Amino acid sequence: MDRPNVVYLARIMDTTPEAVVQHAVLLESKKLCDLQKKVTVEYRLTREGEKYASEGLPERVLFESFENAIPMKELQKHPSSKLGIGWLRKKGWIAIREGIVEKISDAPIGDDEKALKDLKPGVPGLDELLKRKLVEETETTDYFVSITTEGEVLVETGLDLRMEAGTLTSEQIRTGEWENLKLRRYNVTTPPKRIYAGKKHPYQQLIDEMRSVLLEMGFTEMYGEIVQSSFWNFDALFQPQDHPAREMQDTFFLDMEEKLPENYEAVRDIHEFGGDTSSVGWGGKWKEEKARQCVLRTHTTGLSIQYLKDHPDEPAKAFCIGRVYRREAIDPTHTPEFEQLEGIVMDRDVSFRHLMGFLKEFYHRMGFENVRFRPAYFPYTEPSVEPEVYVEGLGWVELGGAGIFREEVTAPWGVKYPVLAWGLGVSRVAMLKMGLKDLRQLYKSDVDWIRNSPVNRKEEI
Ligand SMILES: N[C@@H](Cc1ccccc1)C(=O)O
């Protein structure tokens with residue numbers, strides 16, 4: 001036998017295969033033997049797979065249970081209908097018209113069915129069966145050991161067969177016996193097995209870093225519900241009731257209503273004619289029903305105004321990091337759920353310059369050196385800007401909106417001082433900091449990516 005496997009070696013050496021591999025690795029590092037690893041992948045039917053291998057797939061059984069057409073209600077009584085109907089449709093074997101299931105194919109035997117009967121690595125249809133969990137994959141690893149020429153020479157010239165001591169006992173040290181022992185050398189060049197310790201998700205690490213930057217800058221955190229009335233999400237922010245962002249295609253509306261708060265009339269008056277501010281409002285009639293309608297918050301700015309309503313007098317520095325929802329088609333840079341970092345500063349003499357200062361400082365602390373501002377428009381701020389950061393290779397990247405709350409927004413709640421406000425994209429920052437091309441990476445459970453993402457040392461794990 002030229003290449004015995006470790007199981008055989010373990011048996012004749014009266015030890016375990018693991019111990020044989022361990023010694024073979026040592027011998028290999030001294031070039032005395034060759035160690036070969038062989039991984040075998042095997043496929044096995046699962047219990048469900050075995051059942052179908054003998055009875056046929058549920059869609060096949062179901063297909064054969066009726067002639068050309070059958071009422072859906074009847075078909076649903078069949079024991080295979082639960083799984084079968086979906087597959088019949090997926091495979092294009094049936095059409096359903098007005099409650100009648102009709103055959104539209106002669107249902108040729110598919111690769112999946114062939115593979116079920118004759119399971120071999122690489123056969124077409126195997127992937128399908130794996131996905132349906134009718135087949136499972138098992139991997140076995142075997143090691144083969146063979147002696148090298150150097151090894152043979154050593155055997156011929158005579159081996160020093162004294163036991164090697166891997167650890168010393170206190171007895172051996174005390175009696176001085178250790179001096180006569182053959183000590184096993186450490187091999188410090190063998191890379192150890194990589195251990196993946198538990199850690200926070202990289203995106204959560206970044207969110208926590210942002211949170212601690214803001215806390216360090218003296219902000220307090222504010223919290224709020226994900227479900228908001230249109231009143232707080234839009235109306236209180238002087239967003240007209242016919243604003244395009246309030247359309248069905250942009251916002252997730254819920255079949256729920258919420259009572260309007262005390263003093264909502266002030267907001268109504270502002271919309272209709274400007275109330276007792278210098279504004280002339282949007283004109284037209286402001287509808288209470290529209291304001292009561294609940295939405296999944298489309299931004300976190302609704303929380304800022306509620307915070308101001310609760311704290312109208314004292315100066316404030318508050319922030320919130322939270323998830324928001326918009327009806328976006330999913331692509332590499334858009335998801336219907338994402339995070340925003342909202343912030344407000346209210347104080348006696350704060351101005352636009354302070355706003356730019358706060359944002360610059362925040363981005364500097366997050367590691368972006370170059371920050372600039374472009375003029376923008378939001379119904380609730382004046383002036384309004386969009387902060388941008390410079391990223392090597394990408395250029396200037398827009399990161400959200402900011403401005404000073406308009407009188408129409410603050411007046412109904414008796415807010416006395418100017419309010420600086422911003423809402424920044426968090427996942428955008430994550431993409432830039434982690435060099436991601438696809439935003440979706442942040443939201444899927446890609447264990448390899450999570451394992452290999454570095455731990456953010458600024459944050460405790
Ligand atoms: N709410 C705005 C951002 C913003 C917040 C506060 C002031 C100005 C702009 C958005 O979602 O894009």
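Backbone N, Cα and C atoms are what each Cβ position is placed from, and that goes for glycine too.
TrEMBL annotations: computationally assigned, not manually curated.
The L-phenylalanine binding site annotation in TrEMBL covers THR301, GLN340, LEU341, GLU342, TYR380, PHE405. Neighbour list (LEU341 (L-phenylalanine binding site), Cβ cut-off 8 Å, at least 6 residues apart, same chain): MET210, LEU214, THR300, PHE319, CYS320, ILE321, GLY400, TRP422, GLY423, LEU424, GLY425, VAL426.
Look at TrEMBL and you will find GLU382 tagged as Mg(2+) binding site. Within 10 Å of the C-beta of GLU382 (Mg(2+) binding site) there are 14 other C-beta atoms, taking all protein chains into account. In this structure, GLU382 (Mg(2+) binding site) is part of a beta strand by DSSP.
Among the features that TrEMBL reports, domain 'Aminoacyl-transfer RNA synthetases class-II family profile' is placed at 203-454.
All protein chains included, GLN340 (L-phenylalanine binding site) registers 25 other Cβ atoms within 10 Å of its own Cβ. Ranking the binding-site residues TYR380, PHE405 by how many Cβ atoms sit within 10 Å of each one's Cβ puts PHE405 at the top.
Rounded to the nearest whole angstrom, the C-alpha distance between GLU382 (Mg(2+) binding site) and THR301 (L-phenylalanine binding site) is 15. GLU342 (L-phenylalanine binding site) is surrounded by 24 other CB atoms, counting those within 10 A of its CB over all protein chains shown. Checked against ligand 1, the binding-site residues THR301, LEU341, GLU382, PHE405 give THR301 in sequence order as having a Cβ less than 6 Å away from one of its atoms. For THR301 (L-phenylalanine binding site), applying a Cβ distance below 8 Å and a minimum sequence separation of six or more within one chain yields LEU237, GLU342, TYR380, ALA421, GLY423.
Per-residue confidence over the domain 'Aminoacyl-transfer RNA synthetases class-II family profile' (203-454) averages 94 (mean pLDDT, predicted model).
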